[in-house]
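Colleague: I'd like to ask you about the structure that follows.
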Amino acid sequence: MSHTEPKAPVNTGEVENGHLYDGSGTEDDPFIVEFQKDDPGNPMNWGQSRKWFIAAIATLSVFAVTFTSSAYSVSANEVFKDFDISTEVFIVGLSLFVLGFAIGPAVWANIGLRSELYGRQILWIITHIAMVAFLGGSAGSQNVATLLILRFFAGTFGGSPLVNSGGTIADLFPPAQRGLALTIYCVAPFLGPILGPIVGGFVSESVGWRWVQGVCVIFIGVVGILGIVFIPETYGPVLLQRRTHQLAKADGKIYVSVLEKNQGKKLPSEVFKRALFRPWIFLFLEPIVLIASVYMAIIYGTVYMFMGAMPIVYNEDRGWSVGIGGLAFLGIAVGIIFGLVYAIWDNNVRYMKLFAAKSANPESRLPPAIVGGVALPIGMFAFAWTNYPSIHWSVSIILSAPFGFGCVLVILPIMNYLIDTYTIYAASVLAAAAIFRSVVGAVFPLFTTQMYHNLGIHWASSIPAFLTLLCMPFPLIMYRYGEAVRMKCKYSFEAAEMMRKMQLQQTAAATTTEKDKDSSSE
């Protein structure tokens, strides 16, 4: 049986009278609330300009946080003067910030601040305010302990955009459009750490390390305000849940969301437990997530390894100043930009043709990763063995570009692949990948200085190159056998079945609506 929403004086902002829901409105047969065709309450049906503006702010937040994590890394000489500490202690400030990216989501899950229960908007507000507060405090630190602790807490809250922003983009764009949006979004966690030292180096050299933190406070604060003003709630299950409450309040009948019907009603304690443990379940019990996360973590760790490696290669060995030394990251930055251009071209030319022909599957995302998997070790080995002081500095910087190029072409397709594979579990999968890569990103800088001094700049730079060489077959293997693997993994299979059911229900609802329109016209 179908039901037309009552014309109650409820200003919901999303609910529109005339939508048809299956059910009878009773305890045994509640109305099933779901997004209808062209439903204005569905974020995927919002205007393109609005969606892209929201996506741009979410992406800028990720860039700001990762920029902040690395801008600190070139302030060593200034911090040494104020606190009389060793290089190892200084590097801890970088590692603790990145470690916060991993710990943050688990902490919020434990205290109940999870997007799956309350939505993404509240997380944005709380975490950006907290980041500004802790970074502002770190700028005024009077001892190194305060500096390290406050940077850790800033990073803990900074982990929110890394996970939450990706979920926001998945909320806004269907698979046909999501590739381009995620292409731009996924560049931010890698371009931010690369550009941070360039800006931070000149700021530190000119006005001191405290203003490096100050610039980051201003940056994150402005982005946070933009998000508070312009980004509404986008998480579909929360929007549907709110709609069920509004409809029930309007006419007193029983409504449940389609996701609640399919998965069952969850108590807050169950949601918290799931949010705390599910990323780890995905990470260790889903082979696709584990292998993909390891690959991305190696790349991410290498990016942060460069925070300690570049000053050794160019500042110590070549005598460059702090500001000029930051420019050594330009080669990787240019490679990232070229990778972004290639990824956009591939999405528009190759993937969209497959999608239009209805022959695209998650594995269709992976061909660029095969190219990127080859570019990564080439760039890293080239950088490692051309950074002799006797070879002109421009050679090693130019040859580091393939590493940046490969970063984009490996990370972007894998992220899209995980989202397309796990759909309704995408937030938890992205959280698992983010947690793991953040832990690795925090660990790599801790041994970078000793590794470069003990092994030398050539062999030390070659170690992560060998690791990426080991991972190189993964995209090719998954491209060839991924579909069979997905069907054997519990959660990827469950996600596929859930999406199939939801699509069938939406098709049936659309058919019913068309029949009702035809009947009324007669």
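Each Cβ is built from the backbone N, Cα and C atoms, and glycine gets one as well.
Feature table excerpt (Swiss-Prot):
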REGION    1-21  region 'Disordered'
TRANSMEM  52-72  transmembrane segment
TRANSMEM  89-109  transmembrane segment
TRANSMEM  121-141  transmembrane segment
TRANSMEM  143-163  transmembrane segment
TRANSMEM  183-203  transmembrane segment
TRANSMEM  211-231  transmembrane segment
TRANSMEM  280-300  transmembrane segment
TRANSMEM  324-344  transmembrane segment
TRANSMEM  366-386  transmembrane segment
TRANSMEM  395-415  transmembrane segment
TRANSMEM  427-447  transmembrane segment
TRANSMEM  457-477  transmembrane segment
Colleague: Between the transmembrane segment (52-72) and the transmembrane segment (183-203), do 3 or more CB pairs sit under 8 angstroms, pairs being 6 or more residues apart?
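Modeller: Contact criterion met.
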Colleague: Among 52-72, 121-141, 211-231, 280-300, 366-386, point out the range having the most Cβ pairs under 8 angstroms from the transmembrane segment (427-447).
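Modeller: That would be 280-300.
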Colleague: Residue list, the transmembrane segment (280-300) vs rest of chain: Cβ under 8 Å, 6 or more residues beyond ends.
Modeller: 189-190, 376, 406-407, 410-411, 414, 417-418, 421-422, 425, 428-429, 432-433, 435-441, 464, 467-468, 471, 474, 478, 482, 485-486, 489-492
Colleague: Tally Cβ pairs under 8 Å between the transmembrane segment (143-163) and each listed stretch (52-72, 211-231, 324-344, 457-477), then give the stretch with the top tally.
Modeller: 52-72
Colleague: Does the transmembrane segment (52-72) make contact with the transmembrane segment (211-231) through 3 or more Cβ pairs under 8 Å, each pair 6 or more apart in sequence?
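Modeller: Yes, these stretches are in contact.
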Colleague: Report, as numbers and ranges, which residues of the same chain sit near the transmembrane segment (324-344): CB under 8 Å and 6 or more residues beyond its ends.
Modeller: 74, 180, 183-184, 187, 190-191, 194-195, 197-202, 303, 306, 310-311, 313-315, 368, 371-372, 379, 393, 396-409, 412-413
